[in-house]
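J.: According to Swiss-Prot, the feature region 'Enoyl-CoA hydratase/isomerase' maps to 1-189. What Swiss-Prot lists as site 'Important for catalytic activity' is GLU119, GLU139, and the listing cites sequence analysis. Sequence annotations record features per position, and here Swiss-Prot assigns substrate binding site to ASP296, ASN500, TYR660 based on sequence analysis. Annotation comment: Swiss-Prot describes 311-725 as region '3-hydroxyacyl-CoA dehydrogenase'. What Swiss-Prot lists as NAD(+) binding site is MET324, ASP343, VAL400, VAL401, GLU402, LYS407, SER429, ASN453, and the listing cites sequence analysis. Annotation comment: Swiss-Prot describes HIS450 as active site, for 3-hydroxyacyl-CoA dehydrogenase activity, evidence class sequence analysis.
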Amino acid sequence: MIYQGENLSVDYIEPGIAHLVFNAKGSVNKLNLATLQSVGEAIDALYSQKDLQGLLLSSDKSAFIVGADITEFLGLFDIPTEELSDWLHQANAIFNRLEDIPVPTLSAITGFALGGGCECVLATDFRLADETASIGLPETQLGIMPGWGGSVRLPRLIGADPAMEVITTGKPKRAKDALALGMIDGVVSRETLITDSVTMLKKAIGGQLDWQSRRTQKKAPLKLSPLEAAMSFNVAKGMIMKMAGKHYPAPMTAVKSIENSAFMDRDAALEVENKNFVALTQTDVAKSLVGIFLNDQLVKSKAKQAIKNSEPVTSAAVLGAGIMGGGIAYQSASKGVPVLMKDIAQQSLDLGMNEASKLLNKQLERGRLSGLKMAQVLSSITPSLNYASIENKDIVVEAVVENPKIKAAVLAEVENEVNEHAILASNTSTIPISLLAKSLKRPENFCGMHFFNPVHRMPLVEVIRGEKTSQQTIDRVVAYASQMGKTPIVVNDCPGFFVNRVLFPYFAGFSLLLRDGGDYQQIDKVMEKEFGWPMGPAYLLDVVGIDTAHHAQAVMAQGFPERMAKNGRDVIDAMFESDRYGQKNGSGFYAYSIDRKGKPKKNIDESTAGIIATVTNTTQPYTSEQISARMMIPMINEVIRCLDEGIIASPAEADMALVYGLGFPPFKGGVFRYLDAIGLTTYLDMAKEFEHLGAVYQVPESIKQKAADGECYYPAPQSLSAPSA
């Protein structure tokens, strides 16, 4: 044994050929701080081996290395920048020593080689992969860029243009695509990966493969003329500005880093990468995106626990077809859970089946599934005008019209048709679950299951716990949502649950801003371009449906009259009374036409101003800051109240629900990450300026107390000193 560490070992696999195996105790290998230190120690041990002729790197897991340990990131970002820079130098010294070892080196890649794992294999001379391999540098998706030589070695290996595409998109490449780009040197079967790798190393040792010129190429400047470089980098920067925009600086920083180091050797280029990596770690964007990743892991861990605690759903039913019912049925069937789709009208069943067929056809056209698979999915959706076979279903999702009396009647009826262990779930957006449960004999088997439209695109499902809902029911519905490929978040019952409860104060802020003379087009522009929402409030209302919003607004006002009851007619009333329902009838705040792809195209409607004029008697200019504050304060206050009341369990789950359910700007990380970033005292000062506007602008006492105590919503990152490498 040459070296034995906790996460890797090194021994001779054949005379002269050392084999470094990543073998962490957990289910996957991560290039965490401890593993990186072990790599350094192992390489030191290898340098002392007099008989060493070649080095093979591999993993004993189904994945090579899934990346760095992201749980360590926020602690590392908190290190003083000079210390972080020094540590990066030490870490890169390890990979440089791997690259410089005076024998040929080869990485045998199975499964994921991502982030630091990819940077590790880039430091070797050759890379052989099996067909399961997936290789990439996803750091820009976390608001940073490669920091262990990825932005230096990859362009020198495959060229600047393809390297910039890999780095700026952050999307990993499958084995065949990585081979086409030159990221790897061959694809072999999993069974022969190690033996084929040893054979390839022997060829390099014997001089049949020129490993030294490969190494020289990776350490030299890029082979670009000044004209080629100017064209390449200018085109890349233009595309990045269009795709990533100003709110996500990492892709542009990565491109500029590659550009500025293009004519440098490896060591000088690594200095440029170091400087840019450290700068990105200090941005709120990086902390927010890393925070989203960690929050997502928390939500998934809760779902995994629910899956362990429950039996899998093998058969389901949906009551109410149409677009929503068809979308739910498609999602269930496409993930392997057959579904009965029941409705009282054949026309609705046809609409639901057409919706499922349309979604499958799109996947077929894009090559994402075969015709056989499409037929199998469609055949696992059974449309029906009666309850035949529903007694065998594990779960029934009710998705009829958003009317409490109709929903209660349908639920009571179907409860008599199902077996006593079956779960009933209501896909309602605002109606309290405990209210609907009053019509049921077994309320413990009932909960809410709020899907977002369009079902196939929106990742979030709110699982709503009623007063009498059992934990067993919650666990099984969470497990079913996970089976469907969704991200379930459990919330406690109240009107609107979590997402819609916090959305309607946002709409109230919009109505008040228009009442006070704001311009809806300017508001949309500010909330989209400056704050970062995918849609401004006027456009969002058009997409949701102004008739839908008008109805939900009344439900929310009844549930929270002290804050959400209106003091008179507002812009939503005015649009509703004018039959301006939004995209669904072609006219809302904007007018809509159908483009060549069959999608609604937004156009300015000059008549909108006249409708808005009926609920305001003034026009007044507002700054971007005033608009953002007046729009966001009502939502933020309601989010805080939901946490205080236990509607949502944690800041992490609240932020994920906002990002996945409403499209809250990921670069801000969610409401609680945003509050921590700007500071609670800063927020209180901002809110105080607008408290005269009404109850939705009154901040909860809990945030005042947190600010007074100097606290944040998220715990401070675990303090790390720069690790020795």
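Backbone N, Cα and C define each Cβ position, glycine as well.
Relative to the rest of the structure, where do these features sit?
T.: Every protein chain considered, the tally of other Cβ atoms within 10 Å of the Cβ of GLU119 (site 'Important for catalytic activity') stands at 28. In three-state terms derived from DSSP, GLU119 (site 'Important for catalytic activity') belongs to a helical segment.
For GLU139 (site 'Important for catalytic activity'), the count of additional Cβ atoms within 10 Å of its Cβ stands at 28 [all protein chains shown].
According to DSSP, ASP296 (substrate binding site) sits within a helical segment. Contacts of ASP296 (substrate binding site) defined by a Cβ separation under 8 A and a same-chain sequence distance of 6+ are given as THR487, MET656, in order along the sequence.
All protein chains included, SER429 (NAD(+) binding site) registers 21 other Cβ atoms within 10 Å of its own Cβ.
Under DSSP, HIS450 (active site, for 3-hydroxyacyl-CoA dehydrogenase activity) is assigned to a strand (E or B) in the three-state scheme. Close to HIS450 (active site, for 3-hydroxyacyl-CoA dehydrogenase activity) in the fold, though at least 6 residues off in sequence, lie ASN427, THR428, SER429, VAL461, GLU462, VAL463, ILE464, PHE497, VAL499, each with a CB less than 8 Å from its CB.
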J.: Looking only at the region 'Enoyl-CoA hydratase/isomerase' (1-189), what is the mean pLDDT?
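T.: Overall, the region 'Enoyl-CoA hydratase/isomerase' (1-189) comes to a mean pLDDT of 96.
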J.: Just jot down the residues in the same chain as VAL401 (NAD(+) binding site), at least 6 apart in sequence, with C-beta under 8 A of its C-beta; none if empty.
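T.: Long-range Cβ contacts: GLY320, LYS407.
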J.: How many whole Å apart are the CA atoms of GLU402 (NAD(+) binding site) and ASN500 (substrate binding site)?
T.: 14
J.: Would you mind pulling the DSSP three-state label for VAL401 (NAD(+) binding site)?
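T.: Going by the DSSP assignment, VAL401 (NAD(+) binding site) belongs to neither helix nor strand, so it counts as coil.
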J.: Using CB atoms and a 10 A radius, I'd like the single residue among the binding-site residues ASN453, ASN500 with the highest neighbour count.
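T.: In terms of Cβ crowding, the pick is ASN500.
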J.: Neighbour count, 10 Å Cβ-Cβ cut-off, for VAL400 (NAD(+) binding site): what number do you get?
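T.: Here the count is 23.
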J.: By the DSSP assignment reduced to helix, strand and coil, which category contains MET324 (NAD(+) binding site)?
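T.: It is helical.
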J.: Drop a 10 Å sphere on every Cβ of the binding-site residues ASP343, GLU402 and tell me which sphere holds the fewest other Cβ atoms.
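T.: If we count Cβ atoms within 10 Å for the binding-site residues ASP343, GLU402, the smallest count is at GLU402.
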J.: Between MET324 (NAD(+) binding site) and GLU139 (site 'Important for catalytic activity'), how far is it from one CA atom to the other, in Å?
T.: 36
